[in-house]
Structures are given as structure tokens and as C-alpha cells.
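> These came from Swiss-Prot, pasted as-is:
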type     : residues : note
ACT_SITE : 205      : active site
ACT_SITE : 233      : active site
ACT_SITE : 329      : active site
DOMAIN   : 20-138   : domain 'Response regulatory'
DOMAIN   : 193-387  : domain 'CheB-type methylesterase'
MOD_RES  : 71       : 4-aspartylphosphate
């Protein structure tokens, strides 16, 4: 008598359509460079290459991109004017603003974030310098991939499959003469440190500016009694503007850290773009120590140097917070903070723009709490007031 044994079928791995990226920039050189980088990646494709914001607004419904790289300065319709029109036509479009490092463009980039842009990326002054071009390429592809993960489409197969929209290229003008939800699997939580914290450290990246402004507005009672040190992945000029926004949001003094500056309660210190911010003991004082060394975790400033250096000064009396951001910066430093007896809190997945940095900390099992952004401030106020629950 033979017995038929049914073999268990192994499900095919989920496959996704390449991310469709719309590149909008009036420079044919920049468009060409970005397009070549994107086309070289297996998980993304250039859906449209366009010269003006007006072209983008007119074609977005037909092109159906997942991500738009939108230059700020363009003829006919600039990026900040095109932004709300694009989102009105495609609500879930991920828009990354691109601009050169000027104060005006930094201000516009912050305005764009408040209008619905997902992120920004600084363009190098010249793409002829190999190192600058490579940093731009790395950051751009990482942002497209991380932010685009929220809208990736599964591959459709079978008779009902719908063809992807056509690829659109810019028509060059004639030359002018002379001119989340939170994770389903529970994550390990650690007990809060028994040591009362004497400093608040915060690390953030993508989505960080908006998250930081929300958080500092909620923790005035903490800022008044303790120093707050922040590292946000951000270039020079942009950090200057961010410090001004943090001062307005918190109604407390906030500025970029200055090398050798004595750290005092009642102040918010922000790592300046292009330099790591550490802390050190100098005589009887605790001071800011700026570091112009190499990037850490592909970032400068990076969160880990701040977290790790703080242990030498405050030992177990540290409260570290990891907010939204891509990558894993802050996880290693957070581990060291916890090993020294301090505490770490991470933003939850549902309220994060990208759950990379806080997710890395959460999955490492080092967090005393994993909370929505709007609950972190309340938790910090209680902890700094003596609550250890």
C-alpha cells in the first residue's frame, strides 16, 4: 500500500517593483548625473527627468513616481512653489528637496519640511570633486531607498497585472546665445537607570528637525534645570537655522556648540554641521569639544561620538534619546550609555519618518522605553523630576 505524501510548498519571496524616481532640476548636468546613479541601482528607476517645477506638476499624475527629487531654484516654477501642487495631485508622493548650501536655501528647505517634504539633501557646489560627488551619491541613494520603502509596490503578476507608467524624459530648451505602525513583535525593555539623570542627549536624522521642534517644546521643565545636547545629521548653515528654530520652539536659548564652551543647564547645544560634538572635562568644568575628524557611520556630525564621550563626564547619570533617522547611528553609543548605567529611550516606528536609528536601538534591546514622539516629552519630564517607573 503506497502512501502519498504532500510536499509543503515553499512560498516565493515577495518581490517589489523598482522605486520610480522623478528627477526635477534645471541643470542638465545634475539631472544626468543623478539619473545615471539611479539607473545603476537594481531597486530603482528614473521615471521622469524634468527641467522645471511646472513640468513636474503637469506630468506627475501620468508618471506616478514614488519619489521626487525636487530642486529649489528653477525657472517657471521653483521647488517650494511646486511642492504643495505636487502633493495635492499625489498625496503620498515622497519629496526630497535639493539645494546648495546657502542660508536662503536652508530657510526654504525648512519651510519645505513644514509643507510636507519628507527630507532635503544639500547639493555640492561642484560635482567635479570626487569626494563631494561620492558623498552626494551615497546620501541621495540612501534617502531615496529608505524613504521610498514606505511606498514600495509588490510585483504584480498574472493576467490582471498593470503595466508601469511610461518613462518621461525632459525636452531640453533651445540654447540661448550668450546666456507605521509599531512593530508587532514585543521588544526587550530595560529598567530605567536608578541614577537621576543630569544631562539629556538627543540624536536624530531624517525627519529629525520636525521631531526635535516638537520634543523641545514639550520639555521646557527639563531644559530649565539640565543641559540638552543634540546631534542632528545636517550640513553647515542648516544647523545654524535649526538652532534658531529650536530656540523659538522651546522658548529657551539654543545655539551651535562652540569648542571649549562651558556646558550649563538651561541651554540647548546643537552639533554644528561638518563637525562631531563631544564633551570633555577641562579643569573643573564640562565643555564642548568639537572634532573635525573623519565621518562616523557615514555622518559628520554623528550621534555616537556625543553619546560615548558623555560617559566620561556623567557616567550613569545620562538620559539618551534616539529619534527618527536612517541608519544605525546612536546604537553603539546607546549600548555604551546603558553599559555605564544610563538610560536610552527610542522613538517608535509609527511616529518615525524612518525607523532606522531608533529601530536599531530598540532591536539591540537597550531601550527603557519605545514611545510615540508625542509621549517622549512627557516621559522625560517625569524621569527628570524623579520618576523611575
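Using the three backbone atoms N, Cα and C, a Cβ is placed for every residue, glycine included.
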> State the mean pLDDT for the domain 'Response regulatory' (20-138).
93
> Who sits close to residue 233 (active site): which same-chain residues at least 6 apart have their Cβ under 8 Å from its Cβ?
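Correct list: 204, 205, 206, 208, 299, 301, 302, 325, 329.
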> Find, among the recorded positions listed as 71, 329, the one whose Cβ has the highest number of other Cβ atoms within 10 Å in the structure shown.
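By the 10 Å Cβ neighbour count, 329 comes out on top.
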> Helix, strand or coil at the residue listed as '4-aspartylphosphate', per DSSP?
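In three-state terms, the residue listed as '4-aspartylphosphate' counts as strand.
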